[in-house]
Amino acid sequence: MTSQGPLYIGFDLSTQQLKGLVVNSELKVVHISKFDFDADSHGFSIKKGVLTNEAEHEVFAPVALWLQALDGVLNGLRKQGLDFSRVKGISGAGQQHGSVYWGENAESLLKSLDSSKSLEEQLSGAFSHPFSPNWQDASTQKECDEFDAFLGGPEQLAEATGSKAHHRFTGPQILRMQRKYPEVYKKTARISLVSSFLASLLLGHIAPMDISDVCGMNLWDIKKGAYNEKLLGLCAGPFGVEDLKRKLGAVPEDGGLRLGKINRYFVERYGFSSDCEILPSTGDNPATILALPLRPSDAMVSLGTSTTFLMSTPNYKPDPATHFFNHPTTPGLYMFMLCYKNGGLAREHVRDAINEKSGSGASQSWESFDKIMLETPPMGQKTESGPMKMGLFFPRPEIVPNVRSGQWRFTYDPASDALTETEDGWNTPSDEARAIVESQMLSLRLRSRGLTQSPGDGLPPQPRRVYLVGGGSKNKAIAKVAGEILGGSDGVYKLDVGDNACALGAAYKAVWAIERKPGQTFEDLIGQRWREEEFIEKIADGYQKGVFEKYGKAVEGFEKMEQQVLKQEAARK
């Protein structure tokens, strides 16, 4: 006998694919359908989901491609036998910062869709501009400089909007659009983020932006809970603030708000119930922290090619090197994010040098690296009072801190606070195995201090749990050092949701929005239903008394080292 309980869909519209994932009330995944843009689309000369204009550093996607993809994913779910009439709620996740420009006829086209035709056939004319800038776009340096200067400096911009200006952020992108294509801007009735674009298709009219994703624009004043009028003025230029406000629309506070019933088109074409509710879609990073009941002060570290650090926190302490967003479901919490360009690649450089020296040459094995790292004492200190070894290892230019590619090695004496740039006493590459992982983790601890609280029992402030995801999370030696530095009173866990974190987070958000009791938080409802044993495995201890405190001293030297390198680099220019 097949179950007839409610189902929920979470979509993930990323750079290279659209995914639709279906869960039941118990959060069990029952269907997944994917549409790979390069492999499955027709009529677009895209590569890895995007088009590029090298001359102007532009990277963008044809919006019509996403229309094709939505029909493609729903067809895939139909082939799998999904009973669409059981779907009670739909939410989504979209690649952050991207913008979609709707024409004046968009609302009427969305309302009058013919279910016998595809979305692409009917909506290609709904856009004043056929492309959406991608997060990899780097065409807005001039606009970023203006945004950074406009409120007095990058610190002031970060204080107001949660981030300093970045090429990919929507505000600088809209400013460039307004100047480069004034006629297009004039004809634009509404501007959506990728997430609210997806919700708009499902709803049949333009959906509001989500309270978390709106923080990736450099336009939303996070503390005031409203658009920053001065920044809107910069962005709108001669077209005026009121016009831009109309284009952007109001932003509801409640991340679980029922925006309305599903568009009739999907009821007729796929058999959805006309009572199916559409919920706000959020950004891909906010959706990632919804893929588990991440408690305030828990930390999530993605150890991929690059390193990303996510944390849910009640403390708003913005800085130009970090990002703050409103939490996607829980008022009073913020999502803190750090993005580094150097991650796995930097660790692999050291691994390869160690393997070459030991004669295992082209081997991709981590065995020697791990063994040496675990045999090396914390901070390479030979004695308790000996000097600490620390360094920066950047095979590619870094953004946190903002510095060119290169390597810098130092020793630091915590007793006298003396820092010396030197390679004396360094046994390379062996000493670098531990030093590279320590360098990456100390940077995370430095930038997240002040956001954690004591987990109780008289422990120093630290995360309750540290969750590791991505390729590097398979490495238990790295996990051990991560726990020694970052802490984690409950330990260090490997989170394994495959590459489905964003879609799962969106689906869980839909479950919460429809099934919550009055005042029930996302963390509470999902926490009761989430089957920990299916998704996580404890792979290392976290907090260790004495070791954690020693690394606290190392953080002070690490901060000093970064400042010295930045000063030296500024002098070189």
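In case you wondered, yes, glycine gets a Cβ from its N, Cα and C as well.
Annotated features, as they stand in Swiss-Prot:
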type	residues	note
BINDING	His97, Arg168, Asp284, Asn285	substrate binding site
BINDING	Trp366, Gly471, Gly472, Asn475	ATP binding site
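Asn475 (ATP binding site) sits 32 Å from Arg168 (substrate binding site), taking the CA atoms of both as reference points.
Other than the site residues Trp366, Gly471, Gly472, Asn475, same-chain residues with C-beta atoms no more than 8 angstroms from the centre of those residues' C-beta atoms, the ATP site, are Leu303, Gly344, Arg347, Ser473, Lys474, Ile478. In this structure, of the binding-site residues Gly471, Gly472, the smallest number of CB atoms within 10 A of the CB marks Gly471.
Asp284 (substrate binding site) is surrounded by 25 other CB atoms, counting those within 10 A of its CB over all protein chains shown.
Fewest other C-beta atoms within 10 Å: among the binding-site residues Asn285, Asn475, that description fits Asn475. The substrate site, placed at the center of the C-beta atoms of His97, Arg168, Asp284, Asn285, has further neighbours from the same chain whose C-beta lies within 8 angstroms: Gln95, Gln96, Gly98, Trp135, Gly216, Gly283. Around Trp366 (ATP binding site), a 10 Å sphere centred on its CB holds 20 further CB atoms from the protein chains shown. A distance of 25 Å separates the Cα atom of His97 (substrate binding site) from that of Gly471 (ATP binding site). Sorted by the number of other CB atoms within 10 A, the binding-site residues His97, Arg168 start with Arg168, the lowest. A straight line from the CA of Gly471 (ATP binding site) to the CA of Asp284 (substrate binding site) spans 19 Å. Secondary structure at Trp366 (ATP binding site), as computed by DSSP, is coil.
When secondary structure is read from DSSP and collapsed to three states, Gly472 (ATP binding site) falls in the helix class. Asp284 (substrate binding site) and Trp366 (ATP binding site) are 31 Å apart (CA-CA, integer value).
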